[in-house]
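S.K.: Structure below; questions to follow.
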Amino acid sequence: MKLYRCVYQMGVETSLEYRANMVLTLLSTIFPIIIQTFLWNYLYGNGDAGAMTGYSYTEIIVYTLLAGLVSKLVITGFEYQINEDIKDGGLNKYLIRPVNYCGYRFCSYLGEKMPQLILLLICTSVLVAFSSIFLGLKLSLVRIVLFLVGLVLAVILNFFIFYCVALLSFWLTDVHLLFGTVSVVLVVVSGGVFPMDIFGKTAALLISLLPFGYTTQFPVNIINGKLSMGAIGTGMLCQLAWIAFFWGLGQMMWKKGLQRFAAVGG
């Protein structure tokens with residue numbers, strides 16, 4: 001446990017060392033948020049957009065303000081490090097030590113996310129206070145706590161999704177394009193740009209069945225009041241189920257990948 005605590009602390013230090021990048025990453029969400037806010041203001045001001053999207057004006061604006069921030073928080077990046085370890089033989093130093101590679105990467109990832117999470121919570125507090133005062137957003141302590149729990153589960157779920165994607169490096173020669181493509185696609189289908197269920201009941205059903213919406217759309221819809229308490233409970237159970245699924249898939253891919261790694265002289 002001491003080793004993983006040290007790895008976690010190293011992750012925090014790494015994130016703080018590159019704090020300028022962290023701030024710039026969050027600032028990069030401002031322009032898209034402004035554009036989307038103007039768009040929704042126009043649509044809701046010139047027609048019955050609420051009937052079309054299924055979101056009230058307050059819900060869609062709060063969603064727009066927070067979705068970009070949440071999607072930036074859950075984004076990973078460690079997949080490139082895993083690829084380098086596999087391709088350059090750096091994996092060997094973990095294999096000869098009593099270290100769980102997945103646990104190592106997970107603790108490092110959580111450490112890197114902690115300063116970002118604190119910064120996100122500060123930004124979220126400001127945006128939620130603004131929404132409560134000027135948009136009439138109704139908040140409760142219970143909903144805020146559930147949002148934080150859903151956010152943490154979203155971070156963990158996204159880790160295991162991209163851990164499985166990263167392990168494809170055992171079988172694929174060049175995965176950099178794949179990583180970039182998957183990242184962009186998942187930002188969209190997770191609801192990082194706009195809520196996917198505005199496209200109708202079929203899209204809403206697909207989002208509820210697939211894991212991706214539980215990384216961004218679900219936690220944001222907790223805080224904006226879109227989801228009932230029953231739906232929140234069901235959603236969190238789905239988050240836990242998908243975490244267990246991708247953890248198991250990752251374990252299987254790791255064992256199969258190590259066999260291939262050893263066979264090719266890694």
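Positions of Cβ are set from backbone N, Cα and C atoms, glycine also.
Straight from TrEMBL, here's the annotation block:
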TRANSMEM  21-40  transmembrane segment
TRANSMEM  60-82  transmembrane segment
TRANSMEM  117-137  transmembrane segment
TRANSMEM  144-171  transmembrane segment
TRANSMEM  177-196  transmembrane segment
TRANSMEM  229-250  transmembrane segment
S.K.: Given the transmembrane segment (144-171), which of the listed stretches 60-82, 117-137, 229-250 has the most Cβ pairs that are under 8 Å apart from it?
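M.R.: Per the Cβ count, the answer is 229-250.
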S.K.: Let me spell it out: take the transmembrane segment (117-137), skip the flanking residues so only those 6+ beyond its ends count, and list any with a Cβ under 8 Å from a Cβ in it.
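M.R.: The answer is 22-23, 26, 57-58, 61-62, 65-66, 69-70, 72-73, 144, 148, 151, 155, 223-225.
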